[in-house]
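What follows is a single structure, written as structure tokens, with notes after it.
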Amino acid sequence: MGLLERLRKEWFILGILLGIAVARLEPGLGVKGGPLKPEITITYIAVSAIFFNSGLSLKTEELTSALMHVKLHVFVQTFTLVFFPTAIWLFLQLLSITPINEWLLKGLQTVGCMPPPVSSAVILTKAVGGNEYSASLTNRLFFFFQGIVITPLLLLLFLGSSSSVPFTSIFSQLFMTVVVPLIIGQIVRRYIKDWLERKKPPFGAISSCVLLMIIYTTFCDTFANPNIDLDKFSLIIVVLIIFSIQMSFMFLTFLFSTRNNSSFTPADTVAIVFCSTHKSLTLGIPMLKIVFAGYEHLSLISVPLLIYHPAQILLGSLLVPTIKSWMVSRQK
């Protein structure tokens with residue numbers, strides 16, 4: 001794969017780096033109260049646009065078929081909603097006595113509270129030849145419910161004292177900027193379904209572009225605040241921790257799903273490994289923007305999730321040949 005093709009493929013990750021760099025050079029443009037008015041254009045318009053787009057792309061007609069894979073769904077959601085955030089919380093109790101930046105540690109906890117992504121886990125599952133259909137429906141089925149209801153509750157449970165926004169305000173804003181646009185998107189989809197199926201609009205690319213704007217304005221607030229400082233030691237340690245967490249949890253899900261009495265097929269195991277350990281940046285950043293609205297350390301809390309996203313794609317891509325070889329050998 002040539003350099004240009006590789007850059008084109010990884011345009012979103014490059015966009016994140018570019019957005020942070022531009023925010024560092026000119027934070028006044030996207031700071032709260034600045035020319036872009038992010039308190040309106042980002043908090044309401046951008047977040048609503050992402051979930052309206054999600055409503056348009058969600059194929060609810062496939063949900064009935066997904067109920068056939070109940071055991072797989074239960075495994076993935078139990079690991080994602082219970083084991084992952086709890087294990088991170090216990091681990092952070094040990095790390096709290098270290099000199100690692102406390103806001104990055106809180107950011108690690110927010111990673112544990114996030115739902116799985118709709119796209120990356122499915123793409124990697126397909127690349128291996130795993131149960132792509134179950135992976136796709138598992139994430140689409142629970143992505144919206146978990147993101148709208150469970151993730152905010154987990155954030156408040158584990159990081160409640162960090163939130164500067166009242167509980168009722170969080171859920172009222174979630175309803176207006178997430179639930180309502182999602183429902184409107186679904187209603188519109190009913191009338192233009194044939195057109196959408198025929199034209200296949202780039203829903204993922206559209207949401208990613210809006211997400212880049214959210215990331216940019218978040219870091220504008222950071223760089224405009226002289227009181228916020230991030231030491232390189234903490235950042236390096238957090239990167240190592242994130243890769244360790246991903247490798248450890250992928251190994252755990254592999255062990256659990258390949259036990260003699262698990263009844264999961266090799267293809268199911270592939271879907272489980274990726275769906276249980278991947279986390280959604282698309283929902284995570286807007287969610288943090290709502291739950292920690294006006295919080296001066298928001299960008300530092302967001303850093304682990306911004307690292308986790310490319311890390312899960314990188315690790316997953318590197319492991320595709322190995323997992324594929326295992327799956328093929330087990331299916332013979």
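Glycine too: its Cβ is placed from the backbone N, Cα and C atoms.
Quick look at what TrEMBL annotates:
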type     : residues : note
TRANSMEM : 12-29    : transmembrane segment
TRANSMEM : 41-58    : transmembrane segment
TRANSMEM : 70-95    : transmembrane segment
TRANSMEM : 107-129  : transmembrane segment
TRANSMEM : 141-159  : transmembrane segment
TRANSMEM : 165-184  : transmembrane segment
TRANSMEM : 205-224  : transmembrane segment
TRANSMEM : 236-257  : transmembrane segment
TRANSMEM : 269-295  : transmembrane segment
TRANSMEM : 301-323  : transmembrane segment
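Contact counts against the transmembrane segment (301-323), taken as Cβ pairs under 8 Å, peak for 236-257 among the stretches 12-29, 70-95, 165-184, 236-257. The stretches the transmembrane segment (205-224) and the transmembrane segment (70-95) are not in mutual contact, being linked by fewer than three Cβ pairs under 8 Å (pairs 6 or more apart in sequence). Sequence-distant neighbours of the transmembrane segment (236-257) (same chain, 6+ residues past either end, Cβ-Cβ under 8 Å): 75, 79, 84, 87-88, 95, 100-101, 104-105, 107-108, 111, 264, 268-269, 272-273, 276-277, 303-304, 307-308, 311-312, 315, 319. Using a Cβ-Cβ cut-off under 8 Å and counting only residues 6 or more beyond its ends in the same chain, the transmembrane segment (165-184) has close neighbours at 43-44, 47-49, 51-52, 54-55, 58, 144, 147-148, 152, 156, 286, 290-294.
Beyond the transmembrane segment (70-95), the same-chain residues lying 6 or more positions past its ends with a Cβ under 8 Å from any Cβ of the stretch are 105, 108-109, 111-113, 115-116, 131, 134, 138, 141-142, 146, 150, 154, 158, 241, 245, 249, 253, 256-257, 263-264, 268, 271-272, 275-277.
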